[in-house]
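The following features are taken from Swiss-Prot:
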type	residues	note
ACT_SITE	E209	active site, proton donor
ACT_SITE	K341	active site, proton acceptor
BINDING	Q167, K341, R370, S371, K392	(2R)-2-phosphoglycerate binding site
BINDING	D246, E289, D316	Mg(2+) binding site
Amino acid sequence: MAKIVDIKGREVLDSRGNPTVEADVLLDNGIIGSACAPSGASTGSREALELRDGDKSRYMGKGVLKAVGNINGPIRDLLLGKDPSDQKALDRAMIELDGTENKAKLGANAILAVSLAAAKAAAQDQDLPLYAHIANLNGTPGQYSMPVPMMNIINGGEHADNNVDIQEFMVQPVGAKTFSDGLRMGTEIFHHLKAVLKARGLNTAVGDEGGFAPNLASNEDALGAIAEAVEKAGYKLGTDVTLALDCAASEFYEDGKYNLSGEGKSFDAEGFADYLKGLTERFPIISIEDGLDESDWAGWKILTDKIGEKVQLVGDDLFVTNTKILKEGIEKGIGNSILIKFNQIGSLTETLEAIQMAKAAGYTAVISHRSGETEDSTIADLAVGTAAGQIKTGSLCRSDRVSKYNQLLRIEEQLGAKAVYRGRAEFRG
């Protein structure tokens, strides 16, 4: 049995030029596992705490030397000599050492980086691909699937400096036969969308997640531009390709109203649910994330009752990858899907528990990046190793996004005939 002989933390940069945490876990046989913690822009209020230094003279207060110090000090001392393959024991030990509800003492960024680095070291020690090790940890050895990519090709909201209120407009290549075919389809649509926007005299600069970020007349205008790009790429909208939204509605919710400032419109919960329902009737939208504010559970129930039978309703800020909150949502019939983000909860073990709870209740689980990413591609292995069926990792440019797609291509090649891609069957309706 290999043992942990050293743990090192360091401050590195994420895709927005902000500091984040990287950890190395070293084993007594020379193996090293390394992992980086991502960081979000539109965040749920109940996410685990990302520990920042607050020193305004350094990185405008966003340094992570405190979190790094926690890795190099108390976390290292705690885990030296431990078995890296006992993921639950490692994660529970760090959670207990932290002792807070939201990992505020050590920092979710510190705990997560070590948690993932340990998993990578353990996978190497057992001569397993990371996705296979994750499947074993998940209690589903050998059960894999390639995820349908939800490609964010127009950015708005907190992810772009434009007038578009909805944060993400995505395409899903549900008609593809394989993941690699689906990735090609999405890439072709992305390039055709650039041409469509250019022809309209619109900006083709990209946002945080690599999608285009033009000023558009309305959210419906964004959907129309994508529909045109799909057609120009030679695909049939609604059959080959479907659409998805991430409203990130908490970002434009105030005093009980949903304010679409880009369109000069304001709605109550029922009105905004009807607005979204109307979009699903005019476009083949099969997934909507954070359609209402994270605290507006009554509004979420209205939306679920209106379109939940036909449309995947994903809780991101709503559930924050937290089993306690998810359990309550399941009991109340709120949404029908959970977005899975490692750093919302802060450990691999708790992430797997959230996926398992969702699946047991008939909810789908969508594996997701954050807007602040690195070259770390662990979420690709997580999607395959849990057979989640869906992944959100941005657009088809920026290496922080493409690194995940490229890792999925490698995994598909390794799995060969076992690389099952289910397409439309991964979604409701």
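A Cβ is built for glycine as well, from the same backbone N, Cα and C atoms used for every other residue.
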Among the recorded positions K341, R370, K392, which residue has its Cβ surrounded by the fewest other Cβ atoms within 10 Å? K341
Determine, for the Mg(2+) site, the additional residues of the same chain whose CB lies within 8 Å of the mean position of the CB atoms of D246, E289, D316; present them in sequence order. Q167, E168, L245, C247, A248, I288, D290, V314, D317, L339, S368, K392
Compute the C-alpha separation of R370 ((2R)-2-phosphoglycerate binding site) from E209 (active site, proton donor), stating it in Å without decimals. 8
C-alpha spacing of Q167 ((2R)-2-phosphoglycerate binding site) relative to D246 (Mg(2+) binding site), in angstrom: 6
Roughly how many angstrom lie between the C-alpha atoms of the residue listed as 'active site, proton donor' and S371 ((2R)-2-phosphoglycerate binding site)? 6
Within 10 Å of the Cβ of Q167 ((2R)-2-phosphoglycerate binding site), how many other Cβ atoms are there? 29
Using a 10 Å cut-off, grab the number of neighbouring Cβ atoms around the Cβ of the residue listed as 'active site, proton donor', all chains included. 31
Between Q167 ((2R)-2-phosphoglycerate binding site) and E289 (Mg(2+) binding site), how many Å separate their Cα atoms? 10
